[in-house]
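Remarks on the structure that follows.
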């Protein structure tokens, strides 16, 4: 019997534990039994005023578990009339997490966290009662005490639904239940069946009633008695959760609209697999396109909601009245980033509303979520001491109020640990950095244990302690110790067992102690988890836990018994034995450092840190932060090489372990409160009391600041969108300027009064700041000077704002006054002062004033809190006044306004938030109320912001942030985001509308994920401003310092250094350290915002080298280069397809790859499949010589059109952009794009022998166009938009003659056919006519005239050009016009509409003109009459319509990018963006594909078994079959819009079928003889990533991205079995080979393997004829943790070796980069071959023991599997992600993106 078989069909819980005996259960308080007259049996009654003190608990101990796996939980009970009750269920998820599910009629609303669910319970009443009749129509207000006529209830809870929907977890079993007062209980039960209490069990047994599958009648012992003639539902209440009841609150347990169990909608269920019964093969011989595109009817199935690893997507219940005027708008869901709004320790981690299947799907705000937390500027909160290193030293962990942040120091990327409801007070990591513990500063401290890698909370522990302040993990992670205060304010130590927390989520108490001893620091020893060391005021103690008792032994301090000890550090090895000696260092506030022998419990040495006495009269003593005889040492940390101390004077010092002298120190601008040495001792972390966090590099002696932050609440902020700066005002008395990209502080300004409001000028680097004293100051950042200071107010400034045009500045005060200033004037004078116009008080700061987007209106709340006034912004004349107090006539209180906000001018609204928790939409000009939104937040809304496209509204109330649909037109108009632990002061969109900033306890930066409208995607507007603004010189960049008088101090203060040596003197009986204090706090003269070669988030400290070597102390460890100080503005790419853009490519060429010696190559390139449609003009053809050259990636392909043979010119490493051919067809020029480290490369090729004649590099960007002059004397190259350079080269030696820079981006250039010295260029703004002048040996390219595009074409760009034989210039435009220019007069004399799209290619021969455009059209025009219209004077002809005639037109498969025609324009070759080269014949009006390839990434390549064909598939949804050796496309099967992910051939020499797996989970089988789809099936719900026929073809193996492998019959399409061993990890490879019948001890004639991304390989033996498939071996290959830089891990790959029987070849991410050879017989690794880079693809040849692998660095590596000899080949321009040997091993296919290369193989 299986472990759960005894639980079927149900388990009577009370009977199972024998509740009446109280041996396996417990009771507390008033628990009795009595005979109930209604149900006529004995029941339990629980009574008491406090439910938590009167309860029944099953099982008895929290360490025990019921282990009940039933899906449904049944409870038969009756709430006590007029009382409240509570029920707690402890449910365990499959991951081991324990979730408490509680429901009660005390709960007013639904709440959830990662470990807790709280559900309100709505009590029913007797039928026909007054309560029942009133409750039937009421929708809310029903939660509360049970009514007097409450009935017995049969409650059914779907536990699987609860965990799946609300917490995104899988249900495992019920652990425990706790039934609290006040209620009567009959029984409780679990079952997998849905039981109907209204159906009689005896009737069902006799067969009188047939129930649906999965349903059953209620057993007798769980049923209620029903008298004859009565209905069960008339006497009792049947309540099921989830419920379809419509009463509020939603997600409450309430009686549904239907009574029958079968009528209630089924709950979501996560299924192990989905098997689909497919129809027979397609019999109708319809066309291929119809078979692919026509959907087949499928049986209707029950909707199944699957769990996902992201936030659960649960559709909410449809709300009535949401949106519109007067509608009540509810939350669409909660997205958790920090604590909830309430103080009940619950964290909302899932979407709370539930949508039922019978209701229509509501419209909600998209995307969901619309915000994503990106970065936080903030540090500390409760304390600045909790900073930690990760084990590898690559991440720093620190608290930011209620959020724990893990920051990667090299990139500044942040991860967040969310869950605390108050500020974090303690942190601890175990030795392996796998678990982290944290505590919060709350009245009842909560302890959370986290998985460090996943940031998931493993356990939530109620410590029953106040203000838990210290945590320490043992190195093994099995024990955790914490220190806090108990209820009597005594120190309490608690030790927890955390050994099972990762698997079971269980944390239990090992011991506890209460003591009067003060404890400031505590640490668990590394040698013994049961021993601890602590220190505090007047004590150092050693603790030991034995037998559940925690006892301590004090250290004899002798004369040091009165010292105040601050920190301690243990020096020991992690592998040491318990009895080995260790050294303990203890620091104190008096500067003493005690060195203690831990084993002997005795003091060994005492040293003291004292200020240095002045040795010269002129030397002044440095002032410390805390006066006293010694310098307080606040923190100490030690490693095996040195000791680090952080002291009150702001110094971080590194000492040898004997403390002989300081060898390294760094000074900070505030006291150092915490130091931490990383494992290995290479970095030392330091945090200061002034809110900075940084680390010292011991080797480089460089210091990097990771984070600066305000030390108190951020009161307000303002954003400079042009420079991406942000200024903040804080109650800590500082105003700071931040860089929004690097999160670094650029400047800080300190004043004697507290800043209250800040505002940036819209265009200048100027900001204003209002303060609590009523002063308004205006600062210029670039000159670090104060431009103006005004004292127009007597009380605190509650708002200051610039008008959007920058002409006016406004300030308002808490005394009601309003001031207008002229901000366009240099001195910013005051223009008008008004009194008593604003509502008095500081509640509406910092943004009490708002200005409309057109700078015409000013709005504020005043003169009373009930009115809103709109004024003319120029004159402060009142325009409109709105009274908000009378809008709600039913309210007994007057409504008051809280905040106002203008919408953009188009809606013309003024938004007002009120104290009644509403937002009013008021028309700006008429004052008419146009919309009212109620219930905006649970508390008042204190900040508003509207997006520039008027689509979204931001509101902030208390700690929550909401994003709304501005028009309130959806069913669910908002999304809620919680991240702050304090009330949010201000919220705003960033100027680029791509982010959101919220300020309160810290600065939160959110990514705004909604797609802005097209207008928002443009560059930010440039505001008009006077030539000399208020700053006088806006270009100056210097720094100053702001002292208490209001002047700015320098850049963010960089700690300086004391460069003098230390002197050691004797004092009393102990060694003392004397510090030299002559150096004052210095400021760096370098501007802080300048970037540096290190990561953007880093700033630097100068560090003094005390060892006598290294860098000079006066030199920065990481100096800034002068060129790094400037900023360059990157040019924008022209908006036309003609302009070339490199395809996005993250790979880089392998610099160490060495080409094999000539003649010894193991691979020889035979053919290149495809044409690069991303190039421009990258095909040339000479009809006289037959030369035909085109590009694919970085290869120039020279193809013979008659034989199809190819030659290849290799030399480029980047994608080739364009080609040019000389007029004698002897030279071809090719140009490739630039990389990050090199310029563009231009190669000149000799056509005769294919040798590279010259290589030139000049252009920094890509080369846009190239051309030879008529006599090939000159060669011209044009750069792209990034540089706009035109370079002229010698056509003989190809030396650079000269170059000029154009004023706009150029698209194409051509030489005139009638003059060698004349050329023309067209670009974004017109045409350049240039001439070449030669003076001796000097050649000059002069721009004769720059002519704008004619007015007839509007603002279109000129994109292409060509000359005719008479010297007329034809130019195409981006709007489809053709302009004709006279080159003599440089005038356009004719235009006509030649196309509907952009013309990108033009070619003119004789009187015929070919135009190709992005409308996919190729048109042939007759332009013979154009010459006759050439004007003889300056006037243009009036009518030019008869001059041109459209002769022919062709429609191709993509935008035209290249053309070449013969001299009479009868035939030519045309290239398109679809990757196709067409042969075009105008005489026959035909087009034939010459070259075809994939446009997008290729996903699979595979030879047919007979090697007569090969198949490819790609992201474009196509599956293509090619012929060998001609490499011609035979057939193409298209399945749009799905991607074709993989391809396989049917076995056998005929290979009649080819199959493809698609991203929509379907498999399509195509018959090549008929070119039709033979079968379509869908065995997977996810994308198919691997496909393979068995060797005999009896089955088809397919694998999905979810790790499920389906075994399918290729004849019927039926799924025979599903293999779920790899479930959860995507499959990368499936391979099947033949084997002997009893080989490896298992029957079967086939051997097949599957590889998944989690580095697991399963090997199977199968006999498909007998339907046998047995697991032969299961391999798991080890690997380190994934890199934190976000790099994609290489795939796991494996294959059977065809040359070595029983050998499996594997490669993947691991400890080392290698290929592993594993023997299936010996079950061991035979050998490995080291690789230089991770392999992205692997193929094993049956010939010559060869292997081929591809890498990210574009290398195809051919290896010998025995000797390890290899050769590198680098013809690809991207990562080589596919390779495949032919069955004979004679050929190899490799692929990089869409480049397919065919090789012939030879031995190594």
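Note: Cβ is positioned from N, Cα and C throughout, glycine not excepted.
TrEMBL annotations: computationally assigned, not manually curated.
Quick caveat, the model's predicted, so the values are computed rather than measured.
Marked as compositional bias 'Basic and acidic residues' by TrEMBL: 1120-1132. Per TrEMBL, the feature domain 'CFA20' maps to 4-122. For 718-1007, the entry in TrEMBL reads domain 'WDR90/POC16 second beta-propeller'. For 1205-1447, the entry in TrEMBL reads domain 'EML-like first beta-propeller'. According to TrEMBL, the feature domain 'WDR90 4th beta-propeller' maps to 1497-1801. Look at TrEMBL and you will find 1020-1056, 1084-1132 tagged as region 'Disordered'. According to TrEMBL, the feature repeat 'WD' maps to 707-748, 790-822, 1491-1532.
The list of residues near the repeat 'WD' (1491-1532) in space but at least 6 beyond its ends in sequence, with Cβ under 8 angstroms from a Cβ of it, reads 1167, 1169-1171, 1173, 1190, 1192, 1199, 1204, 1454, 1473-1477, 1538-1545, 1547-1551, 1554, 1556, 1558, 1564, 1566, 1568, 1571, 1778-1784, 1786-1787, 1789, 1791, 1793-1794, 1796, 1798. For the domain 'CFA20' (4-122), residue counts in helix, strand and coil come to 13 helix, 58 strand, 48 coil, using DSSP.
For the repeat 'WD' (707-748), the number of residues in each DSSP class (helix H, G, I; strand E, B; coil) is 0 helix, 25 strand, 17 coil.
Using DSSP to sort the residues of the repeat 'WD' (1491-1532) gives these counts of helix, strand and coil: 0 helix, 24 strand, 18 coil. DSSP places the residues of the repeat 'WD' (790-822) in helix, strand and coil in these numbers: 0 helix, 18 strand, 15 coil. For the domain 'WDR90/POC16 second beta-propeller' (718-1007), the model's average pLDDT works out to 89.
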